[in-house]
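Here's what TrEMBL has on this protein:
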| type | residues | note |
| --- | --- | --- |
| TRANSMEM | 15-36 | transmembrane segment |
| TRANSMEM | 48-67 | transmembrane segment |
| TRANSMEM | 74-93 | transmembrane segment |
| TRANSMEM | 99-122 | transmembrane segment |
| TRANSMEM | 129-150 | transmembrane segment |
| TRANSMEM | 170-191 | transmembrane segment |
Amino acid sequence: MARENVGRRFEYEKFGPLIALAILFVISAFASPYFLQTQNLLNILRQVSYTGIIALGMTFVIISGGIDLSVGSMVALVGGVVILALNWLVGIFGAGGEAWAILLALLVGLLFGAGLGALNGLMVTLGKIAPFIATLGTMAIFRSMALYIGSAGVFRSQSRLFPDLGMGSILGIPNPVIVFISLAVVFAIILNKTRYGRYLCAVGSNPKVAKYSAIKVNLTRFMSYVAVGITV
């Protein structure tokens, strides 16, 4: 009997969020006649994809037993750096080289985000600072830096093509949705089919046992924070 109760609770914990989402979907459909329109559903998918992409990296951190409170401020800072880099590169390449400017600016953003994630990872692993405290501190630092480089204003892109990355679509599917699905597949493969994924689960379950099993606990946790920086 006890095993049956545990099984029921496990299934509820597994499918509970999906059930809640389905209920919310039905309520919204009845509340507004426009909810089920194709354009509205695509807009919803576009908007949640940004959060979903960041959540992929955060999943690794949570599985490892950590937390990252700085992601919101990190998004603002990385986004600001990308815009500044893009505007500078557009000035160099000119209107005819906007595509190259965008690619290089995105590469700068990936490297910068990975660096910010690495900073959090080093504070948690080598600095032995509790993840909550470490990322709470970097949250304030990243936010202040974003406000400083933007002069407490709004970042504006000088590229005409850059907005199309977020607002464009392929075969009717918004670009952010395609990116999210692609990254979700990659992260699922890493988590379920690779040695790092097994190490990550082991570290999150019991770091002491993982250490005795010759798993590099600090490196595993460090890479999870880098993953958050990349997805940001």
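Glycine is treated like the rest: Cβ placed from N, Cα and C.
Caution: TrEMBL annotation is automatic and unverified by curators.
Sequence-distant neighbours of the transmembrane segment (170-191) (same chain, 6+ residues past either end, Cβ-Cβ under 8 Å): 42, 45-46, 49-50, 52-53, 56-57, 59-60, 63, 197, 200-201, 231. Counting same-chain residues at least six beyond the ends of the transmembrane segment (99-122), those with a Cβ under 8 angstroms from any Cβ of the stretch are 57, 68, 70, 74, 77-79, 81-83, 85-86, 89-90, 92-93, 131, 134-135, 138, 142, 159, 161-162, 165, 221-232.
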